[in-house]
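This report concerns only the one structure given below.
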Amino acid sequence: MEHNFGQDFVPAPGSFDKSRVVNVKPIRTLVPVFPSPSNPSSSSNPQGGAPFVCVSPSGPYPAGVAPLYPFFVSPESQRLSEQNAQAQAGQRLPAGPISTAVPINSFRTPTGATNGDIEMNEVDAEDGTGNGSHKRKSGKKGRKPKGARGAPTNVNPEAVANDIFESINPIVFDALSQPDGRDSVTYTLLVYEVLKRKLGQLEETSKDISGAKRPDLKAGALMLTKGIRANSKKSIGVVLGVEIGDIFFFRIELCLVGLHAPSMAGIDYIGTKTSQEEEPLAVSIVSSGGYEDNVEDGDVLIYTGQGGVNKDKGASDQKLERGNLALEKSMHRGNDVRVIRGLTDLAHPTGKVYIYDGLYKIQNTWVEKAKNGFNVFKYKLVRCPGQPAAYMIWKSIQQWTQKNASRTGVILPDLTSSAEKIPVCLVNDVDNEKGPAYFTYSPTIKNLKPTAPVESSAGCSCIGGCQPDNYNCPCIQKNGGYLPYSAMGVLADLKSVVYECGPSCQCPPNCRNRVSQGGLKIRLEVFKTKDKGWGLRSWDPIRAGTFICEYAGEVIDNARVEELVGENEDDYIFDSTRIYQQVDVFPSDTEAPKIPSPLYITAKNEGNVARFMNHSCSPNVLWRPVVRENKNESDIHVAFYAIRHIPPMMELTYDYGIVLPLKAGQRKKKCSCGSAKCRGYFC
DNA sequence: GTAATTCAGCGGTAT
DNA sequence: ACCGCTGAATTACTA
């Protein structure tokens, strides 16, 4: 019982040994539970409760197209807190007078139906299962051999998209054909992510892809054309499957999930032509700072109408038409209006983050003179009460950052004691625990018995950093011909192993192929969860595919693992040999993370933030082995990446995997991830 | 280093 | 046909 020095413990800045804190058991030590033999109740998958969904590989890949990054997904809603879920459940129905939703200009005829086109809607309509009608081309072109990408070839984005869509797991089609919900939203965004990155990757290498200069737009257009989208009926109020606090990084994502249809305009409305109504009615707005909006506080928004800017004619008065008219009409009807707040993404200052902040009502509208002297419309929107915090969370974080507001529950401003470049806060606003058990913070993995590299590892000689179009770079070749990271530093093309540049490479530390080597980039904090011990979450919004951290600790061998298991000291063990569930959007392209040789890491005594990441059966983080080029020894790391966009302050979790068979003395532990797809236990 | 500019793009509504 | 609170790269600035 190490609870002794907990209560009167006061961290003395500077003098304090940060790693010495009170024992709090992590989730892994929760009461063991024996597996219930075949649990038929976990039946949300169409294969009838089988724990693994397997679809035989198919893979017609066009020349030059490597198999895709298959983001694992469990489409579980995973919210900050239960209140959010409650609020969602109790969410009001659309308050507007429009009871029947209006279809967006959807399901257009697929353009240029080349061979291999998929008719999404037929899948929906025919048998409802999506299993049978999803035709696959019988295996023709084989998979290109690893690293065999040759000179740049012209690639048709639509062919790329078709191949991707063809490799989609039928369960995705099932979800998409169901009434729209969280699954269809999650899957839609996942497929979009994969397609966007693939197009971006190809654009970098083969230069000549028609229309792929904007992979975000191109990918979005292809998705819409094929009907891979959610909530294609435009409606006022709640959007099924989209939760307050959800974040997006591209405007077209808002369109894909049915939150906000226009790809650019800030006001979405239902026009008179597309509905039975006499007047246009507003649906949603995006406030991105393009106009002179004011933000009084988190719950009030002064929004500026659209128009009055014309790049040819210059400025002019805004007119009461289109979106402006719709907002006015919606105000008179007392309709709810969805609000999406756009902020600059600090991680990528060139980009934006969009936060869905829930429903607002328009309280007032007026005309005023803008700075340029022309009339603009103003709308005062007030947030409907009872909704979970979303944008407010961002404001709070901003205030903590600026030290303007003191935060309750902070135990340590930096539990790494500057071992990381950026501080990691330790906080408990739940109870009186003063911190986790003693451990030494170590930012990286320690391999006490280095082994020779499995493969030859001469490294590259890319002096200015590895370039995506350099076909001769050996590091790129190891990754199958493409850099594994996108230009935005996001995991773009992941197979079972990521090959990064390493000590034997001549490229600089800022090389795009060294993403996991720069230490923490995201501001993380270790916090006390309600019922899972300590956990990990982020102050910053995280893009899907972003590197989060590696699993630091001491490398041990299997014998030691079994010892520790026998002593019931197996918490904090990372075990690469477990079975990692792969319910995939793209089963044919997915390989479970595979390590050249088994890797066991214990972070019991020594570790980094990763040791605090809890298990979830619906995780938002996954791991991949990262092999770095190193002549003298094998240089393997375990890196964690975001599966999807993760809003600030949402707990980060990964799947601990399944141990088969159980080691002597090993017991499964009861899982409290709370997910609807929870397996009930983990190891 | 940051700010302004440029440019190719998209979905949607209205004509 | 026209419009719009894109998004990223490029150029132009300021310091």
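The chain as shown is numbered from 1 upward.
For all residues, glycine too, the Cβ spot is worked out from N, Cα and C.
Per TrEMBL, the features are as follows:
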- A:80-89: compositional bias 'Polar residues' (COMPBIAS)
- A:102-114: compositional bias 'Polar residues' (COMPBIAS)
- A:133-147: compositional bias 'Basic residues' (COMPBIAS)
- A:237-383: domain 'YDG' (DOMAIN)
- A:458-519: domain 'Pre-SET' (DOMAIN)
- A:522-657: domain 'SET' (DOMAIN)
- A:667-683: domain 'Post-SET' (DOMAIN)
- A:80-156: region 'Disordered' (REGION)
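Averaged across the domain 'YDG' (A:237-383), pLDDT in this predicted model comes to 91. Secondary structure by DSSP for the domain 'SET' (A:522-657): 16 helix, 52 strand, 68 coil. Counting residues per DSSP class in helix, strand and coil order gives 18 helix, 58 strand, 71 coil for the domain 'YDG' (A:237-383). When the domain 'Pre-SET' (A:458-519) is classified with DSSP, helix, strand and coil residues number 11 helix, 6 strand, 45 coil.
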